[in-house]
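Peer 1: I have a structure I would like to understand better, so I am pasting it below and will then ask my questions one at a time.
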Amino acid sequence: MTRAAWGRLLPWFVPAATAFAVLHFFGTPDRQIALYAVYFLAAVAVPGTLVFRALFGSRGNWPEDLGLGAATGLLVLLAGWALGAALGAQHLLIAWPVLIIGVFALVPLLRRHWRISEPDPLPIAWSWVVAGVLTVVALWGVSIFETNPLPPATGVIYQDLYYHLALVHEMTRTMPFQVPQLAGDELRYHYLSDADIATASMITGIPPATVLLRLWILPVTAAAVVTFAAVGRTAAGRWQAGAIAAALGFAGHALTLGSPTGPVNSGLPVSLVSPSQTYAMPLIGLFTLAALQALRGRSLSRVAWALLPVLALVCAGAKSSVLPPLAAGVGLAGVVLLWRHRRIPWPAVGLLGAIVFGILLGQRLFAGGGASILTVQPLQALHWVKPYSTTLGRNDGLGLGGFLLPGMAKASAAGWVFILGLVAWWALMQAPRLIGLVLPPAGPDGVVDRTDPGRWLLGGIVVAGAGGLWTFAHPSLSQGYFFTGVLPAAAALTAWALTDRVRNWWIALAGASAGAVWQLLAPGPGAPARPSVAGWAWALAVPVLTTAAVMVVASLIAVAIWRSRAVRALPVLVIAAVAGGSLAQAGYQIGGSAVTVPPKRTTVTPTTITAAEMRAALWLDEHAGEEDLVATNVHCSPMNPPVRCDARGFWVAGLGGRRAFVESWGYADEAVAAHGAGGLNYTQQPAPDPARFALNERVFRDGDPADVARLRDEYGVRWLFADRRAGAVSPNLAAVAELRHSGGPVTVYELTSRSG
């Protein structure tokens, strides 16, 4: 290998080494790290790259080809999983990527896709910037891994991760799938991220918990980073735009400018606690790139067009909120093309058809039946904004029964000025994501090309994402995923707007540096001691007005010195300053967590799951049959609450890896549909099947032989997982079931033919 080739490889060693160090530090076995790296390269990236090149052609360089290939590889591997799950042939999954690679190795017409026929390498600066973004992503792993320990360990793991872990185990079974926490109920959920994690576990043999909690998220995020870097470069036609898009999209946060609180959806578009959101990012990026090229007149092959409806369906099965903004962007671009050319824009029609197909079929296959609680309630997102929730909204409760939240419906004119001011403040803090709408892409002369469909595509995506956040309502702020899902596209638009206007990159760097320094050092009045409308208005207005004053003074000085040159440079300085502030805020938060790892907590609280409890569940996973059914008295989080049960104690099904007779129902369709009944949140609703739940509770409380026999014979329960922290456990169980494991507060019994 030549010295130049080593020079091109060198940047990528930095994020790889950083990721290894972070994973190793947080307890991931070195062998499993290496095995997963080989798996992702050989089973995802290589087959996907070959398929991507066959469908869309090479980008002319290896980094983009491999990143887009990894995104395509997720889709290709999912097809193999679906085939295996339908036929019960999951044990043959490892043959699927081998088959794909073999076809491209043996078929003469496909062999050319192993190489780049027309190389167009990117500058080494692009590689260093994108590698830097990937390094930041790896360091971000510190903040997400430190709060979610690898089992078995005493600690608190976010309940949704247990929920997804149970789904990962479910995805190793044969279709049709069931709700693992409520055996027998049909599973209707966007579970394709869990299928991908299950596939990785089945092929590598690495425990599902290790894949989910450690190994999976970093390479999938890396694929998303490179995919949207390609989107940014394609949109602007400049490599700098791709690098900046990657940085703003995956290493940038919203601004605060000295404010005592941050806006909703201020962080990254990926999350450990939402595998579905993370999994959707490279997939929707791949579709966005194809849409961008098709709308600009590049012809796609028939096979590529045939793939797009499948890709849309997979996006819907990954995260249903990512397709509607894309549809809005494509639709807006189509209208512009229709107005410009006075003829039907068939590429836009085809793209919309593929997206609508994905939405409609995805609603049928993956959505939670009629239990959706996403409703129209404008500005409900303010329920999670402290300046509102502690003032006008302090008595909103669940916010049910009206077009507006109760605090808004009763607000005076002054109150509405405050409410609208909060929305305006949110938009200002989200300037790194929204400034491309106000200062759109334009040449150095400031002339905006209003006919470019790419601008309308990305702009429509961003507006629709923000509109979804502020139009709809959900009791857990899930409407926020509309905006979270468009953050990378918004970053691409911002990067495009910046690079289009730049004449001198030193000016842009100066603006970015100034913005970063101000974001980190900007003074602020702090939160009001006693929450009030006036107090919060002052606390939020002062940082904004101070920032505006500094910008005005600096601009006047610059114009006085450099005159017309300064006027032309002002848009570049503003966009660059906003971008610099975004990167600085993310660096402050991610870097701070990377150097201040807190000590491990061993104190047991009602929400803590002890190492002994985790070991018992893992013992069950090791010894129970694949199709065995488990009954447990664990339902709530925290366990054994004095008043109401938050039915999200998903850890027995998650760590135990088996379907549960009745474990937790907080996300069941019936519970979600009952949201608000009795003044309770959907997670606190009673069990969907009272008779079944009562039988389950009697077995653990009383240990009656007749109940135990009924549980075994009528429902097919094979195991009892009894936890004394969750409630009373009858000593009679030892007489009617076979004791198989005991540790800490947990006793595991097996129901045999002699039980009862």
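Including glycine, each Cβ sits where the backbone N, Cα and C put it.
All TrEMBL annotations are machine predictions without curation.
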Peer 1: Pick from 325-341, 733-749: which range has transmembrane segment per TrEMBL?
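Peer 2: That would be 325-341, the stretch labelled transmembrane segment in TrEMBL.
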Peer 1: At a Cβ cut-off of 8 Å, and with pairs 6 or more apart in sequence only, do we get at least 3 pairs between the transmembrane segment (302-319) and the transmembrane segment (33-56), yes or no?
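Peer 2: Taking Cβ pairs at least 6 residues apart, the transmembrane segment (33-56) and the transmembrane segment (302-319) are in contact, with 3 or more under 8 Å.
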Peer 1: Grab the same-chain neighbours of the transmembrane segment (569-588) for me: Cβ-Cβ under 8 Å, and only residues 6 or more beyond its ends, written as numbers and ranges.
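Peer 2: Sequence-distant neighbours of the transmembrane segment (569-588): 136, 244, 247-248, 251-257, 268, 431-432, 435, 439, 442, 446, 494-495, 497-498, 501-504, 507-520, 551, 555, 558, 562.
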Peer 1: Other than its close neighbours in sequence, what residues sit by the transmembrane segment (211-232), given a CB gap under 8 Å and a spacing of at least six beyond its ends?
Peer 2: 15, 19, 23, 26-28, 32-33, 36-37, 40, 44, 59, 63-64, 66-68, 70-71, 74, 126, 130, 133-134, 137-138, 141, 144-145, 148, 150, 157, 161, 164-165, 168, 196-197, 200-201, 204, 241-246, 249-250, 269-270, 272, 275, 278-279, 281-282, 285-286, 288-289, 292, 488-489, 491-492, 495-496
Peer 1: Short question: most Cβ pairs under 8 Å with the transmembrane segment (9-27), which of 33-56, 239-258, 348-366, 505-524?
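Peer 2: The listed stretch sharing the most Cβ pairs with the transmembrane segment (9-27) is 33-56.
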Peer 1: Residue list, the transmembrane segment (505-524) vs rest of chain: Cβ under 8 Å, 6 or more residues beyond ends.
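Peer 2: Non-local partners: 240, 255-260, 498, 539, 542-543, 546-547, 550, 554, 569, 572-585, 588.
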Peer 1: Within the same chain, where does the transmembrane segment (122-142) have neighbours whose Cβ lies under 8 angstroms from its own Cβ atoms, ignoring anything closer than 6 residues to its ends? I mean 6 or more beyond.
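Peer 2: Distal contacts: 7-8, 11-12, 14-15, 18-19, 22-23, 25-26, 61, 63-64, 217-218, 221-222, 225-226, 229, 239-240, 242-244, 246-247, 250-251, 268, 586-587, 590-591, 593-594, 597.
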